[in-house]
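Peer 1: Sending over a structure as structure tokens; questions will come in a sec.
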Amino acid sequence: MEPNGAIIKALSNRLLKLPDAATNDDIVADVLGSRPWTPREITKLLGPLARAKRSELLRQTLDRLKELGLQSNVVHHNLLLSSFERLSHWQQAIYELDRMNADELEATPVSMSSVASACTKAAQWQRALEVFHETRLKDAVCFNVAISACARGHRWASALRLLRSMPDAEVSVDAISYNAAISACPEWQISCALLAEMKEVQLEADAVSYGAVYASGLVPWDYACQLLQSMQEDAIQAGLINYNAAIAACSAAGRWTESLHLLMQISQPDVVSVGSAVMACQKLGQWEMALSLLHLAERKSIDLSLSACNAAISACEKAAQWNVALALLESMEESTLNSDAITYNAAIGSCDKGLQWQLAVNLLQRMNEMELEQDRISFYTAIHACESCGQWSMAQELLSKMLQEGIQDGLGADNLNRRDYLHDFQAGDPIDCFKHVVLLSFWQSLTTANESLTFLDAHAGAGVYDLQQGAATFHRNYQDGVQHLFEMDMNEKSSGIVQQFLQTLRRFNEEKATEGQLRFYLGSSGLLKQWLRPQDQAIYVEASESMMRHLKLNLEEGDDNDANLTLLQTDSYRWLLNADILEGKMLVLLDPPYDSVHSYHVWNLFIMKHLRHRWPSASVALWYPIIDDVQTQNFHQRLAGLGEDVLVAEIQVQRPYEEQQSHAGMALLAAPEELQSTLECEVSALAKMLASSPCERNVRSSVFWIGRKPKS
């Protein structure tokens, strides 16, 4: 080393030992005054300070140079800017740039790049672009920093525009330019196109290029594997990040065999590698392989993540391996890995699949003891486990506890933002006609000469449905239902409730000036409004905002505001649990959309029991779909568990299309005993009409009691 070089290095080391403090001025002055300095020697003195990120000491040294009359140049100030850039001190960098302009030191592309990079690193991408646009002379570094700033700001279109403008500015595009642009892309297709373009313009892609493609969105699993193959062909060493990204892509697609193949190619996998592979196994219930991966991680001393263990338990859940799932849960709790609500929900799910209802309930209780947040999944899974094992009382008890805890279930009973149920699709079909004939029969049996009666429709819907528009025109379900009945009634007069039902529909359509044609069908709320007497009341509850708008319009609920009618937009189940304004005789109709049959059955039976306990004078009508014999038998048992007589009417109609509803029932709670004979007559007459020409089909109906036998 030259004598001067050794001296300068010693002086730099002396400065580096100083703290960043204002009291350093004298020592800095002593160092600078110890000998004459050339601009190049000053650069050598300041370089180690910049590399050590001693920005404050650098600034003090530059200030002292000026005071001593020693010449500093833009290179020296660029060293200070580079230290600010390393520290992400973007405000100090901009301030120093302003000082350079004040001292008439013309900033270079290096200066501007350092300032812009400091802004980018500090997430001040807008300021970085401002600095770029203020730069008069721009080089590749300036463009690359600006493109990176766009990437940080998720401005991928701006990044591509900058990339395309480089040739016009006579600046050479390099691999760094493309890598920055790829990093800005939000979609893998664009990133892959840029990667291919790099090769077309003879630029060598590197691990950073490929890593940016993987990071640009969820790359399809097959292309993710192809990228690894391309890296091998280009003699690029694929890193752990690349493999982890490819495994994650395979995992997202449920390609567990491909995930394992990639995992085996990694000499030193990490927690991400193993976790992604376990999640791939979880999607398809490959519980044995998931366990093998956990053992692999243990052998390689890889700390398991909570998500990986949860995925393994979930794989056991899918395969109904409840005993293995519980063993995993126990081993987790014995280790330092804390289980969470997801862990327990998966474990409860495994007990549900394995018909272990007691264990499911115990796990739910343990969640409470461990102060883990129980959610709707926790409760509904445990409830379903009880249902599957015929433990109806426990299922009801868990639902009651869920309500006490104030947990929102997110299903039809709570979710006011759920999709609107398109009742138009089923309006007027044979099952709908059956429901309304039974409902009207029930209503008429409860009316007396002078006593008022309240009808409460818990799922009011739109009230009126146009059969010539929207969903009603798909399959035209009403054609073999109400339209067929209309034609039968004209040719062969019906009697009793069926006739009154059809007359109500005919009269409504005549009022709508349909010229004798059947166009509008009345739903339960619209139908019962026609049957209300002056002393009767109606309360219509509907959760959907759009449905409520249609209901108000269809029932002509406006400024006149019918005194006999109350409309409520709310969750009917929760409202019924807390309502305290109901009094006198009433008929409550529960007719939910049944997005989830099991969950609604729990709610319906719970509400029926609550209504009878809270208002003993209330009668309840529940419509329910019939899926299969096992489900129906279980439901009948649950109705018997209510402890009261339940009158049941059921019908099965042969339909043209498999997806059309063909089998349903009505459960009537607190029904008059004489209603049985009425329903036997009316439902039988309806079935006969539905089976008649030109339909010529099988229609079966039945009316019977569940629970205590009625008095003879």
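Placed from the backbone N, Cα and C atoms, the Cβ positions cover glycine too.
Feature table excerpt (TrEMBL):
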- 48-165: domain 'Pentatricopeptide repeat-containing protein-mitochondrial' (DOMAIN)
- 139-173: repeat 'PPR' (REPEAT)
- 375-409: repeat 'PPR' (REPEAT)
Peer 1: DSSP on the repeat 'PPR' (375-409): how many residues come out helix, how many strand, how many coil?
Peer 2: 26 helix, 0 strand, 9 coil
Peer 1: For the repeat 'PPR' (375-409), what is the mean per-residue pLDDT, to the nearest integer?
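Peer 2: The predicted confidence over the repeat 'PPR' (375-409), as a mean pLDDT, is 84.
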Peer 1: Where DSSP helix means H, G or I and strand means E or B, what are the helix, strand and coil counts for the repeat 'PPR' (139-173)?
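Peer 2: Computed counts for the repeat 'PPR' (139-173) are 23 helix, 0 strand, 12 coil.
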